[in-house]
Amino acid sequence: MNTVDLLTSPARASEALAAQAARHLAPEAGKRSWLSLLGWIAVLAVLGGAWHGADMRPLDLLSDSGNMGQFAKDFFPPDFTEWRSYLHEMYVTLSVAVWGTALSLVCAVPCGLMSAHNIAPMWIVQPMRRMMDACRAINEMVFAMLFIVAVGLGPFAGVLALWVHTTGVLAKLFAEAVEAIDPRPAEGVRATGATSLDEIIYGVLPQVLPLWISFALYRFESNVRSAMVVGMVGAGGIGVVLYEAIRSFNYAQTAAVMIMVIVVVTVIDLASAWLRERVT
């Protein structure tokens, strides 16, 4: 089709452009299809390779269903006889989560800023990121057992465990938020001759603060659950009660403790979600 035909026939011009676009898009669509297929094959290969390592035995759920039913009956009715003691231990668990989160926030803010490559030099970013990787790589329970050896049994070991691990988690999240900011406000502050600290305060923090608050609230929710888990290794709180109930096969008491934990965590989750909606 020549230029005159295209100019005198808009319909033909549209058809020609559509055909040309289809010719260009067809190879790209085929390439994406192959990549998608390879991606699914890789996922299935990973799952298949992990099947034996995870000792997957789904048929055992059916063969042992009778025993599981009898086991479930032992949890009812829940025994709330010691509910006052449960409430006190739940207060201890919440206190561990509050202090573990608060201390981690104090450390995660500077560590997160020093882990962001758009505001910190690489010779600071890389060592800081590796340090935060180490904090995240080790589970809170492992940290709790280490701190129990160092400071003894009790909630303080749980606070220290949550502090170290949560610092690594929040620092990574904070750094990623900083790296995703619009650079123009910070550049505008820098153009006025302001210091690097002023650039962070006036050009960076206003953009990331709502997201940081959301991350902190979410992590507090998680730390309430983690505080219960570290309590099971001797770091105080409701986790100790739960561990003793399970170890003594007192499943009615176990059910009561679990119900209390579920109620408290649900209330905290709802309150945290409400607060996150207000700040983001």
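Here the Cβ of each residue, glycine as well, is placed from N, Cα and C on the backbone.
Listed in TrEMBL for this protein:
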- 90-272: domain 'ABC transmembrane type-1' (DOMAIN)
- 33-54: transmembrane segment (TRANSMEM)
- 96-120: transmembrane segment (TRANSMEM)
- 141-164: transmembrane segment (TRANSMEM)
- 200-220: transmembrane segment (TRANSMEM)
- 227-246: transmembrane segment (TRANSMEM)
- 252-275: transmembrane segment (TRANSMEM)
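When Cβ-Cβ distances under 8 Å to the transmembrane segment (227-246) are tallied for each of 33-54, 96-120, 141-164, 200-220, 252-275, the top count falls to 141-164.
Scored by C-beta pairs under 8 angstroms, the transmembrane segment (200-220) has its highest count with 96-120, from the stretches 33-54, 96-120, 141-164.
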